[in-house]
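Only one structure is covered here, and it is reproduced in the block below.
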């Protein structure tokens with residue numbers, strides 16, 4: 001039986017309404033976030049002890065942060081530690097709650113009279129609120145946040161940092177929204193916080209994402225809400241009311257682990273005309289691995305052994321696993337068009353173009369007879385990405401990696417631009 005980890009816990013760094021943060025003496029740059037058995041509403045104007053809430057909240061946060069980390073979102077989460085706590089990189093918190101909304105409800109309707117409940121935002125609407133309990137967390141504009149000239153862990157919060165947090169908020173919401181859909185749950189809105197990692201000086205998703213952080217409606221039906229709004233809506237807090245709230249929280253905790261899996265299988269099969277193309281194919285396989293997609297390599301020639309090519313095709317069609325075929329053949333590419341003409345599965349041609357005859361060879365992948373729907377992508381990484389986009393339509397884990405990759409590319413460009421501008425000053 002595994003021995004429970006013994007932590008050398010230091011001083012309390014912070015205490016909030018529902019959690020405490022402690023330093024870890026043996027792990028500089030790491031902290032312990034300990035959840036409480038407490039539920040609050042209205043900036044703690046209403047608060048109650050709720051036995052078991054700490055474990056529920058910790059489970060939800062740990063699963064959600066794991067999901068986001070595996071997708072590629074930078075997150076202040078190291079690992080779950082016991083039932084009610086987790087270890088995370090130490091951050092200096094930015095005192096802004098970022099809210100992302102798909103459906104208009106709650107406080108948005110009060111602040112925007114005339115908007116009807118249920119109005120849908122395309123894209124999701126991002127708002128920010130300054131954390132100030134005494135003033136009920138007032139809504140802030142982008143300009144107010146920049147004018148505040150906050151500095152955390154040596155990082156000044158300017159236009160670049162605000163843009164990064166805004167884009168990250170939308171991406172995180174969309175990943176979680178997509179992840180809840182297979183459970184027939186609508187993510188209505190969500191609030192998150194960011195911090196600056198004291199070690200890396202990077203902005204990361206921090207704090208927690210638990211059942212206090214969102215509105216979650218099974219079947220898109222508000223009357224079935226399973227989030228903290230069920231506690232806010234209690235006219236009077238009674239033991240029976242708290243038990244109902246706890247059951248709602250347990251309902252979410254029971255399902256959140258399912259977000260880490262997908263019921264939709266996927267597979268890429270790379271067909272190469274010759275082992276001389278193996279290096280090209282290995283790049284495709286590696287890129288597929290980055291999206292969590294299993295990839296198999298096979299050798300077959302549609303010119304020299306069409307019967308074997310079609311036998312291999314039938315082998316993969318016969319096991320019921322959704323498959324994208326990638327054909328890798330230089331010179332005269334018969335492999336991609338022959339496969340495409342004989343299967344209803346998607347086929348991508350990814351010819352290894354060479355400098356000498358490449359300009360001529362590529363036409364065998366581009367000029368095709370009618371009835372052939374074979375796409376052509378020259379980049380090995382690009383062909384894997386296109387396969388991922390096909391699978392991402394029905395696999396939220398693949399889609400999450402694609403969405404996080406898009407965000408991270410945008411952030412890297414934004415940071416590169418900031419660095420260049422600073423060099424020019």
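In case you wondered, yes, glycine gets a Cβ from its N, Cα and C as well.
Just so it is clear, the model here is predicted, and its values are computed rather than measured.
Feature annotations, courtesy of Swiss-Prot:
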- 332: CO2 binding site (BINDING)
- 2: N-acetylalanine (MOD_RES)
- 22: phosphotyrosine (MOD_RES)
- 27: phosphoserine (MOD_RES)
- 36: N6-acetyllysine (MOD_RES)
- 107: phosphoserine (MOD_RES)
- 238: phosphothreonine (MOD_RES)
- 247: N6-acetyllysine (MOD_RES)
- 274: phosphoserine (MOD_RES)
- 2-260: region 'SAICAR synthetase domain' (REGION)
- 261-266: region 'Linker' (REGION)
- 267-425: region 'AIR carboxylase domain' (REGION)
Beyond the flanks of the region 'Linker' (261-266) by at least 6 residues, Cβ under 8 Å: 182, 293-294, 321-324, 391, 394-398
Local Cβ density at residue 238 (phosphothreonine) - other Cβ atoms counted within 10 Å: 10
Closest of 22, 27, 107, 238 to residue 247 (N6-acetyllysine), Cα positions, modified residues only: 238
Spatially closest candidate among 36, 107, 238, 274, 332, the listed recorded positions, to residue 27 (phosphoserine) (Cα to Cα): 36
Residue 36 (N6-acetyllysine) and residue 22 (phosphotyrosine), Cα-Cα, nearest whole angstrom: 13
Packing count at residue 274 (phosphoserine) (other Cβ atoms within 10 Å of its Cβ): 15
Euclidean distance between Cα atoms of residue 238 (phosphothreonine) and residue 36 (N6-acetyllysine), Å: 20
Three-state composition of the region 'Linker' (261-266), taking helix and strand from DSSP: 0 helix, 0 strand, 6 coil
